[in-house]
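> Sharing the feature lines straight out of TrEMBL:
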| type | residues | note |
| --- | --- | --- |
| DOMAIN | 14-495 | domain 'Major facilitator superfamily (MFS) profile' |
| TRANSMEM | 7-27 | transmembrane segment |
| TRANSMEM | 77-98 | transmembrane segment |
| TRANSMEM | 110-130 | transmembrane segment |
| TRANSMEM | 165-187 | transmembrane segment |
| TRANSMEM | 193-214 | transmembrane segment |
| TRANSMEM | 309-333 | transmembrane segment |
| TRANSMEM | 339-362 | transmembrane segment |
| TRANSMEM | 374-393 | transmembrane segment |
| TRANSMEM | 399-419 | transmembrane segment |
| TRANSMEM | 439-458 | transmembrane segment |
| TRANSMEM | 470-488 | transmembrane segment |
Amino acid sequence: MTALHEVTPFLVVLIFIATLGPLQFGFHLAELNAPEDVITCQKKSISALQQLAALVITKSGSSDDVADCIPMSRSEFAAISAIFTVGGLLGALTSGPFTSARGRRLPMQLTAAFYLLGSIVETSAGSVLSMIIGRFLTGVGAGASTVIVPLYISEVAPPTQRGFFGAFTQISINVGILFTQTLGFFLSYGSAWRWIMATGIIVALAQFLGLVLLPESPAWTASAKGDVAHARRVLQRIRGRASNIDEEVESWGQGSSKPTSEEEALLVRDESTSADASGLLSPSASAQHSPRVHLGFLQVLRDPITRPAIIAVVGIMFAQQLCGINSIIMYSVSLLKDLLPISSALLTIIISIINLGVTMAASPLPDRFGRKTCLLASIIGQGTSSLALALAIRFDVKILSAIAVLFFVAFFAVGLGPVPFIMASELVGPEAVGATQSWALGASYVATFLVAYLFPIVNAALNNAFGGAGWVYFIFAAFALLWAAFVSGRVPETRGRKDADEVWGRTRRVD
């Protein structure tokens, strides 16, 4: 395992600030779950603790000029919910090429701006159209964040701990989901639901201000700008003076740009004196290297070198969704309403806590056992849980149904939750990583659409055709078998590999 001196306080702060983006993804994804009936004027309150919440957020915190609810039909509410995914798809597809061309820091600042503007519109919304606009804007920020942040983390984290820190993307999403569902449990009454939306403004402002501290990605600086010397200094600052970064710098493919002790002193005194110090520097260190050409969204699919990686990334992203996790996350309230003697809102919080807890506990596993191993364990575990859930629902074994659901969520957190985001940046070189991240998130949003819209339709059709319930989870069990075979045959292991050439068993030519 990487020495602890490589995990500096500065690195921890950078990752915390960066993951505020995925946190807001989870926050906005689930923000409408609890207060749905209140927002749509179906109920005045769904919270059993309304009186307690009223003591904390008094009537003075609301305005008579702001409506308590927004009258709308079920189809209009569905449009408001779905537009977040449309914005997310747009953000995912456009952010990859943009972050390849402009770096990681500026795109993260733009995502914070989208989150901020969208949250303001949602908080003050008085119509269906304004809610749609607000959700679309936050969706764009969410989609872009889930491309850029895993990429940035993979480029600043120590190589042997990228799996651990990469899992923070999924952890942050789960924290955001848990946070907004907890707020919804207390604030789903009257106009208090607007405080849930207003909390998004606060988090977006915190992210925007925190990004001032973030340096640009050293890997991008070396690859896109060719400034290896500056990139090396930034990476050394992030990792600490005692950290050996020589091998990682060499993997940038631009030369090590490693200074001697005398050269390092000159660089510290004046970073702009490279021309004056050229007599002391080796040619590879003193010269500004030509920037590397970055591949676009379609180029990575056409290129025979990167095409296998795109197929692998799209496959594991579809596996992430088509093994059925969103059937639980999005429909657990109706599915489990008769299984446990607690409110549906509280049940949702419990599921979110389990998802978050297991994700945190399992975060070291990809680095210890490998990405592919965790993926296979997760898929097989979810498939087994799907089979158990289907049988339990069919034979009305309520306790087994509840246990199967908990294991279903736990197995997702072991591999399918965090690992696809990690591998998307490890299967290709720096020149293709931005476009590959866009393919990954695009596939994820398309697959999410399929599950979100088709699950209730297919579930009802199967139940009507065969009688009873639970049939759809036999399909998820079959999907798990299919995706386990795909991962076994088409997805390589990336743990401990220096670069994409080593991942795919290619030999880099040295002239």
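The backbone N, Cα and C atoms fix where each Cβ goes, and this holds for glycine too.
Whatever TrEMBL says is automated annotation, not expert-curated.
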> How about the transmembrane segment (7-27) and the transmembrane segment (165-187): do they have 3 or more C-beta pairs under 8 A, pairs 6 or more apart in sequence?
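Between the transmembrane segment (165-187) and the transmembrane segment (7-27), which are separate recorded stretches, there is contact, as judged by 3 or more close Cβ pairs.
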> Please determine whether the transmembrane segment (77-98) and the transmembrane segment (193-214) are in contact (criterion: at least three Cβ-Cβ distances under 8 Å, sequence separation 6 or more).
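No, the transmembrane segment (77-98) and the transmembrane segment (193-214) are not in contact.
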> Counting Cβ pairs under 8 Å to the transmembrane segment (309-333), which of 165-187, 193-214, 399-419, 439-458 comes out on top?
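Counting Cβ pairs under 8 Å, the winner is 439-458.
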> Summarise the model confidence on the domain 'Major facilitator superfamily (MFS) profile' (14-495) as a single mean pLDDT, whole number.
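Mean pLDDT across the domain 'Major facilitator superfamily (MFS) profile' (14-495) comes out at 81.
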> Six or more residues out from either end of the transmembrane segment (165-187), which same-chain residues have a Cβ under 8 Å from its Cβ atoms?
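For the transmembrane segment (165-187), the nonlocal Cβ contacts are 15, 19-31, 33-35, 47, 49, 52-53, 56-57, 146, 149-150, 153-154, 157, 193, 195-196, 199, 329, 345-346, 348-349, 352-353, 355-356, 359-360, 362-363, 366, 413, 417-418, 421-422.
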